[in-house]
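What TrEMBL says about this one:
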- 3-159: domain '6-phosphogluconate dehydrogenase NADP-binding' (DOMAIN)
- 162-289: domain '3-hydroxyisobutyrate dehydrogenase-like NAD-binding' (DOMAIN)
- Lys168: active site (ACT_SITE)
Amino acid sequence: MARVGFIGLGNMGGGMAANLAKKGHDVRAFDLSAEALARAEAAGCLAADSAAAAAEGAEAVVTMLPAGAHVEQVYADSLAGVAASTILIDCSTIDVTTARRVAEGAATRGIAAVDAPVSGGIAAANAGTLTFMVGGSAEAFERARPFLEDMGKAVVHAGASGAGQAAKLCNNLILGSTMIATCEAFVLAERLGLDAQTFFDIASKATAQSWSMTSYCPVPGVGPESPADRDYQGGFAGALMLKDLNLAMAAAADAHAEVPMGARATELYTAFAEAGRGGEDFSGIIRMLAEAAG
Ligand code: NAD
């Protein structure tokens, strides 16, 4: 078992750090929030006084922070001095450019780093069933893999530095668009007098089937249990979907890629958040579409 530094113990990082401790690692944890730090201590981690102290002497340092600016700041201020034997693993969802820049910065000091964003929400973080998509060299991936396996059910090498973030953003670009397409089809079906359950039974076995339809149906009482059955609470917040879509839009602009469906999905999730609904599950956008239809 290894010494692991863990920085960022929020909704996701708290459960992930706890799982590393459960697997027997010596986890030195840090968060700016004293409350988050106390929860990590109760879950078997050792509280560190600073991010640098959490990283000192660690074989691996995992970061799970809100956005690219936080990752860049922690890498520059607290992780610049780690030993070359340390592998840096950033699991936050951030922009591809920043992910590549922090990894290149580490490499100039002889330190290996990977971007390893996750698919799966808070429940998967707590249960240790996240999927990690990893960007970095083959050697860095192999060094990061055992730690990621202790927090997830699948660990996939996506390619060179930044490829993990690229996979995550492209995945959520599809997810945001298919969710809206599924929602608007259910709204139209209802207006046409088609029963929602009947439409589900057909579409989930026909060419319209997707994860948004079959596993996470946005209509209450239809399909397997989903946030729609809990008044759109829990699950994946609309605000987080919007964050990921904005990152995908920025990446598309940099790469000169046409993303018309993603652009429209971004506009609609922006309207959803501006209506004060960003805390609802992202499938709750069906209610906004139904209201807009009058
Ligand atoms: P969160 O806001 O709950 O947690 C972030 C934590 O980082 C907070 O506890 C905050 O105090 C801490 N922090 C910020 N700056 C810090 C610093 N300089 N030093 C130490 N700690 C610092 O966010 P979250 O929901 O845990 O999400 C983390 C990342 O995972 C985000 O990039 C998010 O997009 C991604 N993600 C979230 C989900 C989800 O369902 N919540 C799912 C997939 C991916």
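Any Cβ shown, glycine's included, is placed from N, Cα and C.
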Number of helical, extended and coil residues in the domain '3-hydroxyisobutyrate dehydrogenase-like NAD-binding' (162-289), per DSSP: 89 helix, 2 strand, 37 coil
C-beta crowding around the residue listed as 'active site', within 10 angstroms: 27
